[in-house]
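Student: Found this in Swiss-Prot, in case it helps:
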{"type": "REGION", "residues": "33-63", "note": "region 'NMP'"}
{"type": "MOD_RES", "residues": "K43", "note": "N6-acetyllysine"}
{"type": "MOD_RES", "residues": "K55", "note": "N6-acetyllysine"}
{"type": "CROSSLNK", "residues": "K73", "note": "SUMO2 cross-link"}
{"type": "BINDING", "residues": "N100", "note": "CMP binding site"}
{"type": "REGION", "residues": "133-143", "note": "region 'LID'"}
Amino acid sequence: MKPLVVFVLGGPGAGKGTQCARIVEKYGYTHLSAGELLRDERKNPDSQYGELIEKYIKEGKIVPVEITISLLKREMDQTMAANAQKNKFLIDGFPRNQDNLQGWNKTMDGKADVSFVLFFDCNNEICIERCLERGKSSGRSDDNRESLEKRIQTYLESTKPIIDLYEEMGKVKKIDASKSVDEVFGEVVKIFDKEG
């Protein structure tokens with residue numbers, strides 16, 4: 001059985017992680033956050049990638065695609081090896097740019113099917129406020145205004161064109177993420193009840 005993938009995209013602070021947690025609970029998907037996998041790998045003293053990842057994350061840059069895909073693939077393989085029924089994955093914060101998308105197509109072509117792209121559309125200022133609020137308790141080194149403005153810039157220049165590309169293929173489900181968590185999830189449920 002091949003993995004069925006939903007890409008979850010949106011700017012920093014659009015609520016991707018929060019909504020993914022709820023989708024997992026209600027629909028039994030496995031949530032893979034590209035950013036989280038990279039952050040965990042960075043902390044792993046045995047990792048061959050740790051220092052490199054640290055450098056990219058600190059500078060607000062996008063980590064080389066080979067690293068990210070190998071981590072995502074490892075997680076999908078492990079999940080499905082443990083339980084063959086668990087073949088539905090939410091991949092959050094990926095693909096972030098053209099390079100990511102090409103890398104995915106090259107490595108995963110025929111090995112995984114992308115059902116659709118869930119796009120959380122959110123006003124930049126709202127996103128920044130949410131992240132600054134989160135930064136007070138998250139301890140994430142990139143939840144500060146300077147890093148955030150860089151991340152939003154990167155998102156607009158690199159990720160938005162990917163969303164537009166999938167839009168042309170009719171694969172994007174767009175949600176207004178500036179509303180409350182419950183309202184946003186209400187919209188998510190409508191999509192997943194239909195798409196599954």
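Please read every residue number as a count from 1 along the shown chain.
Using N, Cα and C of the backbone, Cβ positions are placed for all residues, glycine too.
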Student: Counting all other Cβ atoms within 10 Å across every protein chain shown, which of the recorded positions K43, K55, K73 scores highest?
Tutor: K73
Student: By CA-CA distance, flag whichever of K43, K55, N100 among the recorded positions is nearest to K73 (SUMO2 cross-link).
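Tutor: So, spelling it out, the nearest of the recorded positions is N100.
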Student: Looking only at the region 'LID' (133-143), how are its residues distributed among DSSP helix, strand and coil?
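Tutor: Taking the region 'LID' (133-143) as a whole: 6 helix, 0 strand, 5 coil.
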Student: What is the separation, in Å, between the Cα atoms of K55 (N6-acetyllysine) and K43 (N6-acetyllysine)?
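Tutor: Rounded to a whole number, the Cα-Cα distance is 13 Å.
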Student: Let me know how many other Cβ atoms fall within 10 Å of the Cβ of the residue listed as 'CMP binding site'.
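Tutor: Taking every protein chain into account, the count is 23.
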Student: What is the three-state DSSP composition of the region 'NMP' (33-63), stated as helix, strand and coil residue counts?
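Tutor: Across the region 'NMP' (33-63), DSSP assigns the residues as follows: 19 helix, 1 strand, 11 coil.
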Student: Expressed to the nearest Å, what is the distance separating K43 (N6-acetyllysine) and N100 (CMP binding site) at their Cα atoms?
Tutor: 23
Student: Which of the three DSSP-derived classes (helix, strand, coil) applies to the residue listed as 'CMP binding site'?
Tutor: helix
